[in-house]
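See below for the structure under consideration.
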Amino acid sequence: MTAVADAPQAELEGVSSPRAVVVGIMAGEGVQIGVLLDANAPVSVMTDPLLKVVNSRLRELGESTLEAAGRGRWALCLIDGSPLRATQSLTEQDVYDGDRLWIRFIPDTEHRSQVIEHISTAVASNLSKRFASIDPVVAVQVGAGMVGTGVILASGVLGWWRWHHNTWLTTIFASVIAVLVLMVAMMLLMRATTDADRRVADIMLVSGLAPLTVAAASAPPGSVGSPQAVLGFGVLSIAAALALRFTGRRLAIYTAIVTICGLTTLASLSRMVAATSAVTLFATMLLICVVMYHASPALSRRLSGIRLPVFPSATSRWVFEARPDLPTTVAVAAGGPPVLEGPASVRDVVLQAERARSFLSGLLVGLGVLMVVSLTSLCNPHTSERWLPLMLAGFTSGFLMLRGRSYVDRWQSITLAVTAVIVVAAVSVRYALVLSSPLSVSIVASLLVLLPAAGMTAAAVVPNTIYSPLFRKFVEWTEYLCLMPIFPLAFWLMNVYAAIRYR
């Protein structure tokens with residue numbers, strides 16, 4: 001394809017007019033575009049305008065435009081690919097009417113490195129290669145985290161004021177903050193389209209639970225006590241349960257909050273209604289946590305919706321067939337993932353298993369917090385039978401440490417092991433702070449150093465050692481031996497035996 005060019009005007013006497021040449025530019029897939037170029041101008045002056053003209057003509061023809069690939073430059077080349085000199089004109093390089101040229105992108109073969117003039121520039125240059133820079137998504141998440149931190153700190157300040165002053169300031173101020181933060185969280189959740197947007201909304205939603213709890217707890221008049229605890233923890237547990245139900249995310253966090261606040265609400269209600277003693281409340285909480293440690297796998301399975309298979313009955317029903325509502329046959333669609341024919345699919349089973357893992361992790365974290373608080377509160381150095389809660393704490397820590405080996409997920413095993421270690425550390429620190437004697441401080445300091453050292457030694461030796469079945473059975477019996485005295489010691493601590501004896 002050629003373009004028709006006007007004939008150059010005849011030169012006037014005494015005046016030299018610039019020459020023009022009509023050349024064919026090869027561009028795209030077999031496309032030739034005729035253009036009129038100045039024969040006396042340097043090639044470098046005409047390259048960029050020529051590229052724009054060629055791309056506009058390619059768009060008119062429906063062809064793909066010329067795009068730069070990486071670092072380099074555009075150049076006019078002869079038909080054999082040799083580039084023309086950029087500083088010379090077409091006439092100087094023997095290019096005349098009717099010649100064909102080729103405009104192409106020549107990659108830059110030179111390696112360029114950043115010039116480092118100061119040590120600070122070198123540090124910044126190396127760090128930019130190893131770490132990602134702040135993008136808008138991360139900036140929004142950091143801002144949401146700062147807002148959430150400020151809301152939680154403001155809730156703490158308002159709660160401190162309510163602890164010392166019986167006024168309505170805390171209730172009104174915390175209610176306004178809670179309404180504003182929760183409204184923003186709901187708007188973000190409704191408009192969220194990506195995981196980053198949902199993460200920001202979840203941060204705002206979790207932080208909004210703090211002022212809501214403070215507002216509810218400070219509403220009852222009078223000094224802070226069990227009525228305020230019942231209302232505050234009750235509202236927090238209900239709000240966390242609703243967030244868990246309607247968002248379907250952050251299952252472990254909301255499950256831990258519901259576990260802690262639900263049991264604390266029941267204990268506060270017992271204290272408010274029946275004036276239950278602190279020892280009875282903490283000992284009962286300890287026993288409930290031990291029972292829930294055994295029931296947590298089954299509870300998490302039920303919460304996730306996983307149904308157990310039906311075992312054959314004595315009448316031989318379902319011996320050679322599965323339950324009617326369970327999938328039995330694997331079907332693979334064209335280009336799709338394998339699914340099970342029936343109401344459940346492979347993806348549903350994987351999703352339910354992940355939900356069960358999140359529920360179980362939240363339960364273990366919540367129960368661990370309650371165990372640490374209960375055992376630390378029971379171990380009072382000034383009681384007459386101080387050895388009794390110490391034995392209870394020791395057996396409970398041993399049970400938790402050995403119980404962690406039965407979990408497949410390593411984070412769940414770590415949660416139980418950390419709970420056992422924190423129980424021992426918290427009880428020891430309380431004894432050192434309350435007794436304030438050189439002997440107690442020396443013993444506690446030695447214990448706080450030797451206990452992690454023993455744990456590190458066990459972590460280095462146990463995974464690399466193969467144990468016999470007899471030794472494994474011995475460890476299992478040791479776990480049962482640590483579990484057996486917990487209930488009798490707790491009943492003894494609550495004076496249940498004395499009440500039965502003198503009844």
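All positions are counted from 1 along the displayed chain.
Every residue, even glycine, has its Cβ placed from backbone N, Cα and C.
Feature annotation from Swiss-Prot assigns transmembrane segment to 137-157 (among others); the stated evidence is sequence analysis.
The transmembrane segment annotation in Swiss-Prot covers 169-189 (among others).
For 200-220 (among others), the entry in Swiss-Prot reads transmembrane segment, with the evidence type sequence analysis.
Summarising the annotation, Swiss-Prot assigns transmembrane segment to 224-244 (among others).
Annotated transmembrane segment per Swiss-Prot: 250-270 (among others), in sequence order. With a cut-off of 8 Å between Cβ atoms, the residues of this chain six or more beyond the transmembrane segment (250-270) that come close are 202, 206, 209, 226, 229-230, 233-234, 236-237, 240-241, 243-244, 276, 281, 284-285, 288-289, 292, 355, 358-359, 361-363, 365-367, 369-370.
Residues or ranges marked as transmembrane segment by Swiss-Prot: 272-292 (among others). With a cut-off of 8 Å between Cβ atoms, the residues of this chain six or more beyond the transmembrane segment (272-292) that come close are 225-227, 230, 259, 263, 299, 363, 367, 370-371, 373-375, 377-378, 392, 396, 399, 483, 486-487, 490, 493-494.
Sequence annotations record features per position, and here Swiss-Prot assigns transmembrane segment to 359-379 (among others).
Same-chain residues lying 6 or more positions outside the transmembrane segment (414-434) and placing a CB less than 8 Å from one of its CB atoms are 361, 364-365, 367-368, 371-372, 375-376, 379-382, 390, 393-394, 396-398, 400-401, 403-404, 407, 440-441, 443-445, 447-448, 451-452, 455. The transmembrane segment annotation in Swiss-Prot covers 414-434 (among others) and is backed by sequence analysis.
Cβ atoms under 8 Å from those of the transmembrane segment (443-463) belong to residues 417, 421, 424-425, 428-429, 431-432 of the same chain, restricted to positions at least 6 beyond its ends. Positions annotated as transmembrane segment by Swiss-Prot, on the basis of sequence analysis: 443-463 (among others).
Annotation comment: Swiss-Prot describes 480-500 (among others) as transmembrane segment, evidence class sequence analysis.
Between the transmembrane segment (200-220) and the transmembrane segment (359-379), fewer than three CB pairs separated by 6 or more residues in sequence fall under 8 Å, so the two stretches do not touch.
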